[in-house]
Structures are given as structure tokens and as C-alpha cells.
Amino acid sequence: MPPLRDAHAFEISPGVRMPRLGLGTFKVRGEDATNVTLAALRAGCRHVDTASCYRNEAAIRDAIDAWNDETNAEFSAADETSAAVFLTSKLAPSEMGDLARTREALFEMLARLGCLDARETGLEDEKDAETRETSSGKPLDLLLIHWPAKAGASPDDASHAAARRDAWHVLERARDLGYVRAIGVSNYTVSHLKEMRDDVLNVSEENTGTLTQRPKSLPCVNQVELHPRCQQKELRALCAELGVGVVAYSPLGCGELLSDPRVVRCADLIAKELRLDRVTPAQALLAWSLRQKGVVAAVVKSGDPKRAAANVGKEGLAFALRLALNASDGAFEELDEMDDGTHFCWDPSVVR
């Protein structure tokens, strides 16, 4: 996947464009989730990231509905204007490991997000096509497998591979039937992506002939922790080889990098080089993320409406792209040298 550093959105799948900065909503629930999402939308953000296990999908739907009412926005699947909100959600580990449960969880998610009326659910394959034809809801833009393991089993349990395949089958069918526009994974490592590649290409001797649900396609994106101390270079190289876009979460290192002297120096250097009054550490980190090869978008979590609007609003994205495009490689050199494999979130490499 070629770099497209100057675009405000990236085509992750035919006809599906993802805005390059998104609002992350982990640990933000209820009215707080509605308020921060609405503030971001009012500031021009058009990319919101949630998940089943965040337990805030209905609150985010309320924010999007309120914003649509304010602006009289109407959805079009082919809309390239600022009117469309790109929405991502994820299936939880507790929703994997049983094909029927995964399918049920998918329809419950679509109903919570307003993508499908609650009464329009179906669990049997033969009912799916009719359900989609009668649904009046907007398809979900992007659906991910949140974690490469099912809940309730040790990380080295061999059954995780079958759970991943079954969950991916459900996502593929949801995409093919039009319930979702694009599908991907999150927290997949090199080994997990190679497993998918081998399944799709039918070259894995260990798995050939034993798969209950053979994948037909690779994910369009892999959402992973990525920041200067966790640069995931080997993983990004494989993603590029496979045509999988990388979505960076925790680009600020869960806030831990904002006071790092190296990041502060980088921000000051960029400001001096571009003759700007000030560049904050957060702005420098976001610009660094958007400069990285293979990174199609970054998701920035915030529970504060003002901070969310500043980071991921229209002006925040424009400023981050300005820094990414105009600052020299030398200005970011110290950030490039920070990689030590530190995960501030979770390390999925322990999952078999």
C-alpha cells in the first residue's frame, strides 16, 4: 500500500475512505461519551472509534444522531464530503469462540449503533440476505476483531486459531451482505497475520483440509499500538507486503510520552524550523504517526471535549498534516530513535 501522507482520508477498501485522524473512546461511557464525541464532530472530526467491550456504542450513536440533527446531514455510502461520519467498532474476545454467539453479537452491535433495527436480526445464513434487504440502517463503516484470542482461555491455548477463523468468517459474510463496508483486525502480530495469509493462499500444510471456515480475504487494516517507543517495524513491513493498512492507536503513548524530554525537544525543533509560535508534544507525536510508512490513520483517545476537538477536529488534522509534510526528517530524528518495544497498553505477542 503506497504512502499517502498528504491526504485527509485514505481508501482502505474500494470506495471506503477512512479519515486519517479519529477519536478514540476507550474508558469513556454514558453522557461523557456522548459529549466528547459531539464536541469532536462539531470541530470537524469525521472518524469515531468504539468497540463492543467499551460499552459506549449507544452513547456514541446518540452523539452522531444529535450532530446529524444539528447539521441536517444525510448519509450516502459513496459520500466523499465532510457530511459522513466514519464509524469503527470491534468484536470482543467474549464474543468469539462460538460461531452462533459471534453472529448474534454482530447483530446486537449493529442495533446499538443504529446500523440495523433491533427487530431486524437474524442468525441463520438463509435469513441474512433478506434481513439486509429490508434493513433501513446505515452499514457500519469498519468492523474489526478486537483481539486475536477468545476470552476464558490461556494465551497459549491452541483453540484461539479456530476462534479467529470463525470470527473472520462472520466478518466476511457481514461485508459480503452489506452490513459492514470494510473489515479488519486489531492487535494482530506478525504470526497472526502470517496465519491468515497462509489460510487465504492455502499454503499452510498444518491447516490445509482442517479449516471449518476458510478465509477468503485479508483484512483491510490492522489497528495496533504504535508510537515512537513501539514502532512495530517488522509488523508494518508485513502489512505493507500484504496490502494491509496500519491504524495507530495510543499514538501519544497513553499520555506517557507527552512529558518525555525527547518529544518536547522534537516539538520545539519543529516549531523553530517552521517558524511557528508553538508546537505541542501531542501535535509532534500525531505528525510523527502520520509520517510513518503504512500508517493510514491514527486514533487518539480523549475524555475531555476541548482536548478531543483540538486533537482530532478539522484544524487538528490539518495542522498535524502540515507538520508531517513540511518538517524535515531531521526534526523527527530523535523520535525515530526512541523505539525500544515498550507497550503502554497490551502486548498481543503472548497469544498463540
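Positions of Cβ are set from backbone N, Cα and C atoms, glycine also.
Curation plays no part in TrEMBL annotations; they are all automatic predictions.
Features as listed in TrEMBL:
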DOMAIN    21-314  domain 'NADP-dependent oxidoreductase'
ACT_SITE  Y54  active site, proton donor
SITE      K90  site 'Lowers pKa of active site Tyr'
BINDING   H146  substrate binding site
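In sequence order, T50, A51, S52, C53, L143, L144, I145, H146, S186 are the residues near K90 (site 'Lowers pKa of active site Tyr'), counting only same-chain partners six or more apart with C-beta under 8 A. Taking Cβ-Cβ distances under 8 Å and a sequence separation of 6 or more, the neighbours of Y54 (active site, proton donor) in its chain are T25, F26, K27, V28, R29. For the domain 'NADP-dependent oxidoreductase' (21-314), the model's pLDDT averages out at 89. Taking all protein chains in view, 22 other C-beta atoms sit within 10 angstroms of the C-beta of the residue listed as 'substrate binding site'.
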